[in-house]
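A.B. asks: Feature list, courtesy of Swiss-Prot:
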- 80: active site, nucleophile (ACT_SITE)
- 185: active site, for GATase activity (ACT_SITE)
- 187: active site, for GATase activity (ACT_SITE)
- 53, 54, 55, 84, 145, 146: L-glutamine binding site (BINDING)
- 3-208: domain 'Glutamine amidotransferase type-1' (DOMAIN)
């Protein structure tokens, strides 16, 4: 059974993620972000999920140190704050983008997002008369006030949403395919296809 270690960044969504991983058939172990990196590695995770949470990534316990130790070695899935940590680790800028809390919005897939197996068949704007033309709108649940507009080196944007500072990246992956980040919340009921997206992220990461 795939063992997912979930890093708890003190967020109310953490146990929604635990439930989502359990429903998908994964074993899930939770560690607070203050737990030493060596303790986390000793749990022998197949994949590490960096959870949502408040504030900025640099203030989230040992999360940045964990990324330093594991990126490229153990598959990483970052959600909301966890995604922002991956952005900052690669030198990207995470900044206030206007609060968006508890709303379903349409993420617009980039060309890379259209081609990604994570979002295959999930777009809602495919025209019945032209099914050969891929859709780009995927409904997702947004709960955030920070975001990134420009993907740093090593990060490829998969989808964006509009914000006060421009189109913020809502889904991304590292160019080596070893990490995926989601600014939105796949574990939220506001993400209609969230469970599918979450499972596909795990599948893609484990396949690389």
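Glycine is treated like the rest: Cβ placed from N, Cα and C.
I'd like to know what surrounds each of these features in this structure.
C.D. replies: The 10 Å shell around the Cβ of residue 80 (active site, nucleophile) contains 25 further Cβ atoms across the protein chains shown. Secondary structure at residue 80 (active site, nucleophile), as computed by DSSP, is coil.
In this structure, residue 185 (active site, for GATase activity) belongs to neither helix nor strand by DSSP; it is coil.
A simple way to gauge crowding: the CB of residue 187 (active site, for GATase activity) has 26 other CB atoms within 10 angstroms, across all the protein chains here.
A coil conformation is recorded for residue 54 (L-glutamine binding site) in the three-state DSSP classification, outside any helix or strand.
The average pLDDT the prediction assigns to the domain 'Glutamine amidotransferase type-1' (3-208) is 96.
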A.B. asks: Using a 10 Å cut-off between Cα atoms, which of these active-site residues sit near residue 53 (L-glutamine binding site): 80, 185, 187?
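C.D. replies: Near residue 53 (L-glutamine binding site) by Cα: 80.
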A.B. asks: Using C-alpha positions only, work out which of the recorded positions 54, 146, 185, 187 is nearest to residue 80 (active site, nucleophile).
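C.D. replies: The smallest Cα gap between residue 80 (active site, nucleophile) and any of the recorded positions is with 185.
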A.B. asks: Tell me the Cβ neighbour count for residue 145 (L-glutamine binding site), meaning other Cβ atoms within 10 Å of its Cβ, over all protein chains shown.
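C.D. replies: If we count other Cβ atoms within 10 Å of residue 145 (L-glutamine binding site), we arrive at 15.
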A.B. asks: Could you list the residues of the same chain, at least six apart in sequence, whose Cβ is under 8 A from the Cβ of residue 146 (L-glutamine binding site)?
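C.D. replies: Those within reach of residue 146 (L-glutamine binding site), by Cβ under 8 Å and sequence separation of 6 or more, are 56, 84, 94, 95, 96, 97.
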A.B. asks: When you look at 53, 54, 55, 84, 145, 146, which the record names as binding L-glutamine, what is the longest CA to CA distance in angstrom?
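C.D. replies: Spelled out: the longest distance between any two Cα atoms in 53, 54, 55, 84, 145, 146 is 12 Å.
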